[in-house]
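Visitor: Okay, here's the structure, questions in a sec.
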Amino acid sequence: MLLSVPLLLGLLGLAVAEPAVYFKEQFLDGDGWTSRWIESKHKSDFGKFVLSSGKFYGDEEKDKGLQTSQDARFYALSASFEPFSNKGQTLVVQFTVKHEQNIDCGGGYVKLFPNSLDQTDMHGDSEYNIMFGPDICGPGTKKVHVIFNYKGKNVLINKDIRCKDDEFTHLYTLIVRPDNTYEVKIDNSQVESGSLEDDWDFLPPKKIKDPDASKPEDWDERAKIDDPTDSKPEDWDKPEHIPDPDAKKPEDWDEEMDGEWEPPVIQNPEYKGEWKPRQIDNPDYKGTWIHPEIDNPEYSPDPSIYAYDNFGVLGLDLWQVKSGTIFDNFLITNDEAYAEEFGNETWGVTKAAEKQMKDKQDEEQRLKEEEEDKKRKEEEEAEDKEDDEDKDEDEEDEEDKEEDEEEDVPGQAKDEL
C-alpha cells in the first residue's frame with residue numbers, strides 16, 4: 001500500500017514525538033516494589049520504608065507510596081533503570097511528596113545517580129548527578145533544592161525556591177533543557193525558571209573588575225558640600241543647660257554641713273544646638289565611581305552544562321526527625337507535555353478527594369474534642385456540686401453539734417446545784 005507524502009511525514013512525526021520514559025513508579029503491584037528498590041547496607045540503622053497511602057488519601061490504592069516509618073533516622077533506598085544520557089534532549093524529573101506528619105525537619109528530595117552507584121552502599125556522600133526536591137527544617141528552611149554535580153562539585157542554585165509545607169500531596173517537577181535553561185514546577189505550575197549559567201555558579205564570571213583601573217584621586221563622590229560662604233552667627237553658641245533663675249537656696253541650708261549650694265540646672269531656651277553650615281550642590285560632583293570591567297580571561301562558555309553521560313539510579317537519601325512522608329508517582333522522561341499529563345492523571349485526579357477526606361477527619365476530630373471537653377466540664381461541675389453538697393452537710397452537722405452543746409450547758413448547771 002502506498003502512502004501519501006503528507007501522511008508518511010505525519011506518521012514519522014508521531015514516531016519522533018513518542019516520549020521516552022526512562023523510569024516510572026506508581027507502586028500499583030502491592031509488595032512488588034520490594035524487588036525493584038534496594039536498601040543500602042552502608043549503615044545498620046537506616047530507617048525503613050513501608051508501602052502506605054497514609055492516614056488520608058484521595059484513592060487508597062493509587063495514593064500508595066513509600067512512607068518513612070521511623071523517627072530520627074537516615075533513609076537510603078534506591079531503584080535502578082536502563083542507563084541513558086540526556087545529551088541533546090530534555091530531562092524531566094517528577095514525583096509527589098506528602099508530609100502528612102506536619103514535618104518539622106526532614107528531606108523530601110530525590111537524587112539521580114549514574115548507574116555506577118553501588119546501591120547496597122549508597123549513603124550521604126555518594127556522588128550524584130542531580131538532587132531535586134523539598135527540604136524543611138524549622139521556620140528558616142522551607143526550600144526546593146536544585147543541585148547539579150558539575151565537574152565533581154555540587155553546585156547549589158542561587159535563588160530561593162519556597163516549597164509547600166502543608167500536610168497534602170504535592171507534585172514537584174524539574175525540567176532541564178539542552179539549551180541550558182531550566183524550569184521548576186510545583187503542582188504543575190511554574191515557580192521558577194531561567195538559565196543554568198545565570199542561576200548557578202558553574203563557570204567563572206564573564207566579566208571581572210579591571211585590575212589596572214583605580215579611582216582617580218580627584219574623583220569627587222560628594223553630592224552636597226558645605227557652603228563656603230556660610231558662617232556661624234555670633235550669638236549662636238549658648239550653653240545647653242543653665243542654672244534655674246527661679247531656684248532659691250532653702251532656708252535651712254547649712255553650707256558647713258551641706259556644702260556650697262548650687263541651683264539646679266534647666267534646659268536653656270536659647271540653646272540652638274550644634275551649628276552646621278548649609279549644604280549646596282557640589283560643583284565638582286562626578287557621581288559614584290564605578291570600577292570598569294573587562295572580559296574575564298578565565299571564562300569559557302560551556303554549552304553542555306545541562307548534559308550528563310549517564311543516569312541509572314534514582315535514590316531516596318535523606319534524614320527525617322519526624323517520619324511519615326510518602327513518595328509516589330516517580331517519573332523520568334524527556335517529554336514535558338507527557339510529564340504534565342502524567343501529573344494530572346495521578347496527583348491531579350486524587351488531590352481534591354484527599355483534601356475532602358482530611359477535612360472530614362479534621363471535623364470529626366473537632367467534634368470529638370468538643371464532646372470530650374463538654375464531658376470533662378460536666379464531670380467537673382458534678383464534682384464541684386458534690387463538693388458543695390458535702391460542704392453544706394458538714395456545716396449543718398457543725399451547727400447541730402453547736403446547738404446540742406448549748407442545750408447541755410443549763411442542764412449541767414442544774415445538776416451541780
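Start at 1 and count along the chain as shown; that gives each residue its number.
Yeah, the Cβs are placed from backbone N, Cα and C, and that goes for glycine too.
Model, not experiment: these values are computed from the prediction.
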Visitor: Starting from the alpha-D-glucoside binding annotation in Swiss-Prot that includes TYR109, LYS111, TYR128, ASP135, which of ASP302, ASP309, ASP317, ASP328 is the extra site residue?
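Guide: Among ASP302, ASP309, ASP317, ASP328, only ASP317 appears alongside TYR109, LYS111, TYR128, ASP135 as alpha-D-glucoside-binding in Swiss-Prot.
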Visitor: From the candidates GLN26, GLN101, GLN279, GLN365, give the one listed by Swiss-Prot for the same Ca(2+) site as LYS62, LYS64, ASP328.
Guide: GLN26
Visitor: Mind checking which of CYS137, CYS163 has the disulfide with CYS105 in Swiss-Prot?
Guide: CYS137
Visitor: Do any residues of this chain, six or more beyond the ends of the repeat '2-3' (287-297), have a C-beta under 8 angstroms from a C-beta of it, and if so which?
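Guide: Same-chain contacts beyond the ends: 204-210, 213, 215-216, 219, 221.
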Visitor: Look up ASP328 (Ca(2+) binding site) in the DSSP assignment and reduce it to helix, strand or coil.
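Guide: For ASP328 (Ca(2+) binding site) - judged by DSSP and reduced to three states - the answer is strand.
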Visitor: On a count of neighbouring CB atoms within 10 A, which of the binding-site residues GLN26, LYS62, LYS64, ASP328 is highest?
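Guide: Compared across GLN26, LYS62, LYS64, ASP328, the most Cβ atoms within 10 Å surround ASP328.
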